[in-house]
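Pulled from Swiss-Prot:
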- GLY151, GLY152, ALA153, GLY154, VAL155, GLY156, LYS157, THR158: ATP binding site (BINDING)
Amino acid sequence: MTTAKSGTTIEIIGAVVDVEFPRHAVPKVYDALQVDENNLTLEVQQQLGDGVVRTIAMGSTEGLKRDIAVKNTEKPIEVPVGKETLGRIMNVLGEPIDELGPINSKEKLPIHRPAPSFIEQSGATELLETGIKVVDLLCPFAKGGKVGLFGGAGVGKTVNMMELIRNIAIEHSGYSVFAGVGERTREGNDFYHEMKESNVLDKVALVYGQMNEPPGNRLRVGLTGLTLAEAFRDEGRDVLLFIDNIFRYTLAGVEVSALLGRMPSAVGYQPTLAEEMGALQERITSTKKGSITSIQAVYVPADDLTDPSPATTFAHLDATVVLSRQIAERGIYPAIDPLDSTSRQLDPLIIGEEHYRVARGVQETLQRYEELKDIIAILGMDELSEDDKRAVRRARKIQRFLSQPFFVAEVFTGAPGKYVSLQDTIRGFKGIINGEYDELPEQAFYMVGSIEEAVEKAKSL
């Protein structure tokens with residue numbers, strides 16, 4: 001039976017479902033449709049004419065058949081927002097999946113909203129201390145900025161992100177929203193228990209659309225998480241939005257794009273790649289009311305940073321943290337590349353003269369070592385001048401001092417985690433490049449927090 005607001009399914013191809021409505025009651029693009037028989041939500045993507053709309057399913061289409069009644073809700077997908085969402089795990093539709101009962105929030109907001117206008121936005125120059133030495137020194141984060149964690153498979157994107165959430169929740173007691181976009185379910189589960197054990201779960205709202213979910217879920221779960229973060233921001237808070245992984249958001253778009261009948265573009269990506277990325281990224285911004293600081297893990301296919309997906313993401317970021325396989329192979333964790341990682345905040349007017357000089361000094365020393373590596377490989381250390389030998393020794397100490405034991409990795413390493421303040425970080429590296437610790441062995445600098453710990457460790461070596 002078809003009423004004015006209901007239609008029927010006429011074609012189902014994978015995650016894409018075509019629905020026919022009466023000509024005078026065709027749903028708008030992004031309207032949510034409800035299939036009561038399968039308890040499935042569809043989102044309108046295209047109007048094909050003759051009353052037919054093409055939709056993406058926000059769930060599995062198994063068991064769906066033609067001629068089933070579909071109801072138009074006449075509004076986009078809406079999700080619960082506010083403090084009631086903290087400590088809870090939700091799916092793309094804002095439904096709880098942690099078996100702890102319903103989320104009784106006072107307000108629901110649509111996941112499709114316009115980005116704040118130019119007048120509402122505010123610039124960000126205040127620094128956010130993370131307690132991770134290499135980040136605070138060489139690619140400092142701004143409150144209200146966007147940060148990308150770039151890395152191939154298995155170099156530690158998720159572990160770095162978990163450490164950042166833990167440090168910021170405990171040291172800055174801020175609210176965070178975590179959107180798991182197409183990542184491993186095991187990681188999502190580990191993450192939940194990690195937050196629980198660190199007693200920061202009551203400050204984090206979790207939204208998951210994992211690898212095993214249909215592409216519709218993975219395509220929209222980022223927007224669900226973003227909507228939660230926007231609500232906290234509009235209450236006047238400084239909120240953190242973690243997205244793991246932004247590449248899977250692109251990938252879900254690829255999966256759906258062909259089914260929607262679009263021609264693929266470069267490397268088989270969807271032709272609307274830049275527009276889809278922009279729609280998400282432009283909403284992640286700080287307004288005069290509050291700020292959203294976003295940290296996004298970016299998987300780099302085959303370690304190729306020129307691939308269209310990471311390349312499109314680069315354009316939106318204030319800071320890029322590049323994880324390197326070569327550094328991970330040397331056993332230095334976090335495996336952040338100190339010469340490849342960048343930040344717009346690395347400016348003497350923002351971070352101060354001393355911090356800037358130390359950061360540039362560290363990079364100069366490491367760069368000199370990189371240049372000398374070929375000579376060392378062919379002729380050995382003995383052929384270098386005294387100045388170059390000293391630079392190499394200091395660079396090797398700096399490399400090791402950039403490593404640090406993480407709180408979230410205690411279970412793997414057995415070493416207690418360390419949070420290092422920005423002052424301690426600057427002081428330590430300043431001492432190394434000024435030659436104050438030239439007599440200490442390299443090994444003393446490996447996997448310690450502050451410089452005092454390195455001095456203590458040297459005594460026992």
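Glycine is treated like the rest: Cβ placed from N, Cα and C.
Positions of the features from Swiss-Prot, shown on the structure.
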residue	record	contacts (Cβ under 8 Å, 6+ apart)
GLY151	ATP binding site	LYS157, ALA297, VAL298, TYR299, VAL300, VAL322, LEU323, SER324, ALA335
GLY152	ATP binding site	TYR299, VAL300, ALA302, ASP303, LEU323, ARG325
ALA153	ATP binding site	TYR299
GLY154	ATP binding site	none
VAL155	ATP binding site	LEU323, SER324, ARG325, ALA328, ALA335
GLY156	ATP binding site	LEU323, ALA328, TYR333, PRO334, ALA335
THR158	ATP binding site	GLU183, GLU187, PHE191, ASP244, ALA297
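Neighbour density for LYS157 (ATP binding site): within 10 A of its CB lie 26 other CB atoms from the protein chains shown. Sitting within 8 Å of the Cβ centre of GLY151, GLY152, ALA153, GLY154, VAL155, GLY156, LYS157, THR158, and not among those site residues for ATP, are the Cβ atoms of TYR299, LEU323.
LYS157 (ATP binding site) falls within a helix when secondary structure is assigned with DSSP.
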